[in-house]
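Let me begin by presenting the structure, written as structure tokens, before commenting on it.
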Amino acid sequence: NLQESESENKLDGETASDSESKSEFGGSAPVPTSDDTPEVLNRALSNLSSRWKNWWVRGILTLAMITFFFIIIYLGPLVLMTIVMCVQIKCFHEIITIGYNVYHSYDLPWFRTLSWYFLLCVNYFFYGETVTDYFFTLVQREEPLRILSKYHRFISFALYLTGFCMFVLSLVKKHYRLQFYMFGWTHVTLLIVVTQSHLIIHNLFEGMIWFIVPISCVICNDIMAYMFGFFFGRTPLIKLSPKKTWEGFIGGFFATVVFGLLLSYIMSGYRCFTCPVEFNNDTNSFTVDCEPSELFQLQEYNIPLVLQSVVGWKTLRMYPFQIHSIALSTFASLIGPFGGFFASGFKRAFKIKDFANTIPGHGGIMDRFDCQYLMATFVNVYIASFIRGPNPSKLIQQFLTLRPDQQLHIFNTLKAHLVDKGMLGSLEEA
């Protein structure tokens, strides 16, 4: 019996060191959460098996969430940023609550307070950087904002340092290791949740299409992988997620690539989606109006000779962004799910079913956004590596805030450079 018990522990990924940690954490892991399915759905689906009942609950709630997603897109960038902030706070709360359920057993001071304090500090730092970067003219126009912007990093460091000192003062004898576990828990949570949500907002400022298409590809892959797995799944994919199958994984990949191409084609024709989100200082509002870049203008591409006989076409008209969408949808299908596997491993480590029971049939908010965070980082890196170039409007904004003598120095330097390039004369003639 002892050997069987040890074997089961090994299969579940638990070792002797895990058992020691478990005793130090005060006993068993947090009690698994369960979904609170609305009573109206329970009554309507009472005659179905648990498998099909879960299918309908997930389907109905998925449609509701997609509808809500469309609504917030319609409401504009400011609402989208607010929703991202709310999702970030809720995800942080779900992860920290799991830690607090373990940590609270010793009634050690300040853990939850310090966790939320560090969340405030990190958000102040990141969003302060964003405000300074994208609302530079507005910041320079208001004296209090100009002072906060000038000393932003120093203030952010001072705030964090205060929390650090508070943590050191809260250390309790005989429980040092546990407290440092929780200190690390908080900071890893901040790294996973806050920094990624910050990148999502940066992607949004590049154009709503860079926000909507990646998120939609992850949602599509999640739905189609579930559909293919539900009807055709036979071969297990990974032990961390026993319900995931190779059939669902492969079917979700092809469906997501096709979906990404179609969605990109539709959205590339609308300026409200393709133009960068900018702040208009005259109206104090966001604007998304511009002349579309080459990325969002139809181009004609030659089809390889091998495929011409199959499709019957020699050329194909498509937006260059559609080619980039293939990279986005491929990442969402092949690498994005590993965010979900990571979350599954985390939940298995603490023997919980879901992060919370916020959404019936889906678990917590973190259960729905575990893949989105990897996607946000990839999109931000992809834009920086292959898309983004120098932004003339930002350079001009910064130039206008310099002293007159500094502006004159830059003007003379630029003039000399254009003369050397032989461009100044042609500009003057024009």
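A Cβ is built for glycine as well, from the same backbone N, Cα and C atoms used for every other residue.
Taken verbatim from TrEMBL:
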type: REGION; residues: 1-38; note: region 'Disordered'
type: COMPBIAS; residues: 7-23; note: compositional bias 'Basic and acidic residues'
type: TRANSMEM; residues: 110-127; note: transmembrane segment
type: TRANSMEM; residues: 154-172; note: transmembrane segment
type: TRANSMEM; residues: 179-201; note: transmembrane segment
type: TRANSMEM; residues: 207-233; note: transmembrane segment
type: TRANSMEM; residues: 245-267; note: transmembrane segment
type: TRANSMEM; residues: 321-343; note: transmembrane segment
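For the transmembrane segment (207-233), the neighbouring stretch richest in Cβ pairs under 8 Å, chosen from 110-127, 154-172, 179-201, 245-267, 321-343, is 245-267. When Cβ distances are compared across the two stretches, the transmembrane segment (179-201) makes no contact with the transmembrane segment (321-343), since fewer than 3 pairs at least 6 residues apart fall below 8 angstroms.
Residues of the same chain lying 6 or more positions beyond the ends of the transmembrane segment (110-127) and with a Cβ under 8 Å from any Cβ of it are 85, 88-89, 92, 96, 99-100, 103-104, 152-153, 155-156, 159-160, 163, 166-167, 170, 179, 182, 186-187, 189-190, 194-195, 198.
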